[in-house]
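J.: This is the structure I have questions about; it appears just below.
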Amino acid sequence: MAAVAGSGAAAAPSSLLLVVGSEFGSPGLLTYVLEELERGIRSWDVDPGVCNLDEQLKVFVSRHSATFSSIVKGQRSLHHRGDNLETLVLLNPSDKSLYDELRNLLLDPASHKLLVLAGPCLEETGELLLQTGGFSPHHFLQVLKDREIRDILATTPPPVQPPILTITCPTFGDWAQLAPAVPGLQGALRLQLRLNPPAQLPNSEGLCEFLEYVAESLEPPSPFELLEPPTSGGFLRLGRPCCYIFPGGLGDAAFFAVNGFTVLVNGGSNPKSSFWKLVRHLDRVDAVLVTHPGADSLPGLNSLLRRKLAERSEVAAGGGSWDDRLRRLISPNLGVVFFNACEAASRLARGEDEAELALSLLAQLGITPLPLSRGPVPAKPTVLFEKMGVGRLDMYVLHPPSAGAERTLASVCALLVWHPAGPGEKVVRVLFPGCTPPACLLDGLVRLQHLRFLREPVVTPQDLEGPGRAESKESVGSRDSSKREGLLATHPRPGQERPGVARKEPARAEAPRKTEKEAKTPRELKKDPKPSVSRTQPREVRRAASSVPNLKKTNAQAAPKPRKAPSTSHSGFPPVANGPRSPPSLRCGEASPPSAACGSPASQLVATPSLELGPIPAGEEKALELPLAASSIPRPRTPSPESHRSPAEGSERLSLSPLRGGEAGPDASPTVTTPTVTTPSLPAEVGSPHSTEVDESLSVSFEQVLPPSAPTSEAGLSLPLRGPRARRSASPHDVDLCLVSPCEFEHRKAVPMAPAPASPGSSNDSSARSQERAGGLGAEETPPTSVSESLPTLSDSDPVPLAPGAADSDEDTEGFGVPRHDPLPDPLKVPPPLPDPSSICMVDPEMLPPKTARQTENVSRTRKPLARPNSRAAAPKATPVAAAKTKGLAGGDRASRPLSARSEPSEKGGRAPLSRKSSTPKTATRGPSGSASSRPGVSATPPKSPVYLDLAYLPSGSSAHLVDEEFFQRVRALCYVISGQDQRKEEGMRAVLDALLASKQHWDRDLQVTLIPTFDSVAMHTWYAETHARHQALGITVLGSNSMVSMQDDAFPACKVEF
């Protein structure tokens, strides 16, 4: 991905390399950059007899060639090679392009060389901002000490006179500390290094012409040029919980979405917003969260705000064709903005204060930012979104403390928690710490330890509702909440419905027994449909004894065929108001898949349905994907009165859920179906007629990184977190045109230290590979089944035999094709099971000997299928539960099925989901008879007990180096994201990675952990090479930083994680 080679020809006696960093978001930086370029050129004391610099600069202006990189979008190279001078000007380069050109310059035999580093740089450290990441003295020394360069120089005869390399760089920040290190490098490099010498040459006509030309090339682009409109129309619909992780340069940028609500977190340091190619396909971004103000987090967001203002001006001015204007005016509407307005913590030298700029732009747009701070104990979340039958999105603020001066200066640390309506779907927990110091972050988490959903690796609403159902006093509340979600409660009483009551997961009124049934059914059914079906029937008979209507419903669910019928022909049935009931079966797979989909051996994957990591034979995966693809796009739901008023009524939390005409979230946007571009290594599902919504069905968040699969990884082997199902492909409306092609971690060939254990992705040019995948029109050359055949993954809830039916019912779950406020459904519509008689209680397997515990688990699991026939009834991998659990990696927590806590709600902080160590409680101890499930407060949470998350960013900025072993002991996530390619992060990278390894080996849960870096680093490569052998034993997968997402006819760097 190197740009046009700028030097390296022995014929040229002199070489000039000018590097200008990232594009400018503001005109004020242009003057500063031109001054730096002039200072650098005039400081070059090249002998006029050898090179007439004034004349050569004039020749450059008239004869140079301009090249736009086809691999690094936005990078330009101005190059000219004459008899006396070879000149290369790199504009807006990536870090890899800069490294390549620096190597070329160092190896160039020219006797006189000049390197000028100019561009936007941080005031505090002097770090130069590039298109991707930054360039600091630390990075520069890494290049000078590169082993490859030294080896090449050692094999060439030494020159009579050592070449002279003049370096002009910022004179402040950490660059001032570079001078002492320079003398020690001269001998090994056979160079005379001169750092920031004073001006030697006078101003000249040639220099003026050169600077004028460069100024024209550096003219800040208009908002429409910086953030280009898409080439094709259509809105993107994200129906399942997911998180897009973008390369944020010096900072971070992420996009979290659930069905009906989207959140943009920070904007990254690049004015050419890394998230733009995704959000331009959305009609609305419901919330924007800025964790901290600064040059590392706001430039990308400010570019979006500038474009929105430019669109307003365009509309006011009129002119142009309607079609053209419509194509350009496509930025999404913005909802609430969370931003602790204050002076930027970091800013660019001679640049604008990004925080002040953001406030100004928001004011012009009529948006008032809302500050965030931690409230009093007990912590109460801010309800961002809540909709009956869909779910609730809460935001907990862990930092900063309540109002005060400290609040305005500190970074925000926010925990987003998605509570789905379906009792069997997975509760999703995602942490965005910003620059919060780990100590403050952990202090904030201590205040949340009473929350049951943080005590288990995988939690579902039914786990949380179990205890409450045993209490008769809560029957009214549970009935109300169930009604509000459109569920048919065990004892429905319309007159007592209170739509405003805070949503409680659908099976609140059911007995603990239901929890067990539902928790077990999905995974067991999936493993062995036949046994599970046969066992479920007796279970259903018991339910029938309690209620005739329920008997009918459950009978329909008990058999795979009956279950399939209602789902496929749901359109003929009355509107399904008890959405949560069918959702579990339909969406259970998508809820549980989360984070763990990173790689674990096939044998272990079978036992980790909760994390949906289990690979299956290619043929089997195809059977699942193709049928599902034909009927799986959720239909936009029409607004329902209940959904609109529920957040406000009866809820003690502050509700910020926007009320949009016709629908909440992207659901309301009309979507245009367009062809999908298939990238190599995507599962067979991509080839299906309706696989345009690949982003949902093929989320390639994680990649299985198994050393033996090197060939496959070359092709972009990817492993989706959830089973590759195209549940919603049936509808032509909600189209998610996104193909994800994650890249495995790889080593650069230039680094000889990475031999055999080198990262799975063995390609040298990661960006080149990414570009190949991005342009994936040649997918046919690489059979889509390559991924399926090598490492296909099935979510624990992916129904194989009844795939089509499952897809349909899932569609019902998502949209039901009817307004959520429709009347209660026909009693035959799969209502939640009745509570078990009070005399029945579950035996806690953890209190039994391992063998007995496994038997109990198997039995209860196999019965449970009836409760959720729609999604699991046909799953083939059910029986070998005990055996699967004993297989490492996913066995521990993954094996603790997402729906694992059958009778023990996650509130039992003490109940570890049955894992291969099922006989040993992981966090707290419960009573043997399961009575704890009827006593919510029985288990006390230890003072510093760990919290479990699905995805967590590691603190960045000044707090990056403070992340230690204790942090990983207390914050246990299935996915960790390392972002912020700044100097501090690079210097402290090894210590953080070692802390993860040291901490992971002491976890009492055998969890599969995926590490997702947003940038490439030498420290990461070195660590990977030295510790790779331990990764599989510890259950750690490291992804590459060059994952690509292909959407319609475009691609952009990002890693998508689906939960």
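Cβ atoms here come from the backbone N, Cα and C positions, even for glycine.
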J.: Where Swiss-Prot marks phosphoserine, which residue is it, choosing among SER26, SER136, SER669, SER759?
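T.: Annotation hit in Swiss-Prot: SER759.
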J.: In Swiss-Prot, which of these is labelled phosphoserine: SER582, SER592, SER945?
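T.: Record lookup, Swiss-Prot, feature phosphoserine, residue SER582.
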J.: If you check Swiss-Prot, which of SER303, SER321, SER681, SER718 turns up marked as phosphoserine?
T.: SER321
J.: Hey, which of SER472, SER763, SER786, SER934 does Swiss-Prot call phosphoserine?
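T.: Of the listed residues, Swiss-Prot records phosphoserine for SER472.
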J.: Considering the residues SER640, SER646, which is the one that Swiss-Prot annotates as phosphoserine?
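T.: That would be SER640, per the phosphoserine annotation in Swiss-Prot.
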J.: Which candidate in SER651, SER655, SER797, SER900 appears in Swiss-Prot with the annotation phosphoserine?
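T.: The candidate carrying the phosphoserine note in Swiss-Prot is SER655.
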